[in-house]
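Quick notes on the structure that follows.
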Amino acid sequence: MPVDSTSELLKHYEVYETIGSGGFAKVKLGRHKLTGEKVAIKIMEKKDLGDDLPRVKIEIEAMKNLSHQHVCRLYHVIETTSKIYMVLEYCPGGELFDYIIAKDRLSEEETRVFFRQIISALAYVHSQGYAHRDLKPENLLIDEDHNLKLIDFGLCAKPKGGLGFELLTCCGSPAYAAPELIQGKAYIGSEADVWSMGVLLYALLCGFLPFDDDNCMVLYRKITRGKYSNPHWLSPSSILLLNQMMQVDPKRRLTVKHLLDHPWVMRGYSTPVEWHSKYPLGHIDEDCITEMAVTFKQSKQRTIQLVSEWKYDQITATYLLLLAKKRQGRPVRLRAECPVIDIVCSPLQDMQLKKSLRFTEDDDGVHPVVLGSMVFPPDCYDDENPWTPLTPKNTHTTNTPRMKLYPETTEKWNEMAYSPVIEHSRPCRQKPERRERTKENKENLAVPGTDGDVFALPAPRTPTSSRKVKSNRTVMTTPNHNNNKSSEVNKGAGSATKEGSRRREVEQQQNGQQGELNILAFSPERRSRSLDLAGCQVDSGQKRKGGKVFGSLERGLDKVITMLTPSKKRGPRDGPRKIKAQYNVTLTNQTNADQVLNQILSILPEKNVDFVQKGYTLKCHTQSDFGKVTMQFELEVCLLQKPEVVGIRRQRLKGDAWVYKHLVEDILSSSSQWSA
């Protein structure tokens, strides 16, 4: 049953900075109050989800039914009249994709460690009747123990007739999609997943994709032919395994069952891959039950009864997070429940709260303290430190630089300085009709009810006037743009040149000549939504409104968090952040952060990259010939603790992951100051 207020979330969680963003959702770093455990909070606006609301239901139902050591855990689901919150396991190591970039490519031995975990996760997911359909490095996160966790089940399918039932929907990420899928043929989900695993294995071993091209029709042709190069460093056994997994004929491909004890997978190991869950659903731990019973002042029998309902509410979240603490060898202890601040004290305040709860990003005015690979306020607690009850009178909002946890390849970036109009990096994608999309989503027929009744629909919005707050950020653009600020930050399709028109005509002619290949182009709505997380993706007029909706809601949420987060004195940021070395940080041989920043500022215009500067952070984006944003990413100059040198933190926000990789490498290699 939906609740009316966001206070249900803030009653149980402390909410910190945005760590992921997309067209449909924001992901914020949070901390569960009773256990002190860090979590990722995925926040979705129902009105922005539109026809994708049933997909959220599919993802939630899948994650409720999956409990595995290499699958991201769902803890809590909160639904309000306008929003859906998913509280998920937090993985501080970031994406496997960033790890590949940091290493350039992985050794066969390290690849084997990761790949065994991927096989384990997929074998389990398939055993539960699900096909993932969106396997890629961006959808695998690294936890604090350097183990992989599979995320983003928004495109998964659980056919009513079983996993052997043929699917029809063309979805996922084109570079990882199987030939039968992009040709529009009926396909078996598990067979398509094996192809994607082969592409993923190739990316781990080589540092680039086996099938890649700027033109998606050329890309599809390469995939349907199944021809790719084998770099000289690949061993014969690796080449053989890749060939067995990336067979154009799905019936000739290896199965996940064969991968469990494949000779390449077994090298250096005495046992096949263990795919069974170490954490079976329904397990009740006596120590966790005892601690909860004492804290909640309930009998153990009653506590077991409440936990066994698995409602994915506060009871479920508390139990699962306590269990996670125990598995990590930490004390099974809960904090004494602090008094809950009644945020909504009157109808007027209730109205003001609902009006103000929108998502946006305010300027950071504080110096964050870095713990590992995450940013926290200075007085955040650890398990060893005592807990201090929070009072509303001396707390301040803490806004810190965001790091992306669940990136999206084709989603909006809700930044005030940028145009909300997005163009995907592949030039030949076409915008499908909404009615066609509805017809094609038939894999998950087991979900009860109609699409429109999956969640309670939001109430119609009463038209109100609003004033736009002008940003005071400095917008830096490349020399080939006009000096007018409006043209710098919001270029529409009207700026297209004659050359662009000719290019469109050529592309249309090319597309018309590809009919004999019978290739089905990926629609933006059915591409990966990796929020996500990352994700993680929109290209419709309806969803362009999401920028404004998310914008003010997050700002309002920050205002509410002001009353509930630890206090922090505000002060101007007069220097770069000090952080520990991370996978997404490039080391330099410099000690002067300002010098490195100036070098980057001089390089970006040469690469036709526009940017907005906020202190030592550059929010960058590239545009197509028609003025639409195709890539968004962050570069932040920071100081490393060990070694004491300047580093550049890089983070993809939107756009094709491999295009981003090449662009950032080009930017950093353009200066002679980066260390090897």
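Each Cβ is built from the backbone N, Cα and C atoms, and glycine gets one as well.
In Swiss-Prot, the annotation region 'UBA-like' applies to 284-323, one of the ranges 84-123, 204-243, 284-323. Every protein chain considered, the tally of other Cβ atoms within 10 Å of the Cβ of A25 (ATP binding site) stands at 34.
Comparing Cβ neighbour counts within 10 Å across the recorded positions I19, V27, D134, S173, the minimum falls on S173.
When the recorded positions I19, A25, V27, D134 are screened for a Cα within 10 A of the Cα of S173 (phosphoserine), the ones that qualify are D134.
Along the domain 'Protein kinase' (13-265), the predicted structure has mean pLDDT 94.
DSSP assigns I19 (ATP binding site) to a strand segment in the three-state reduction.
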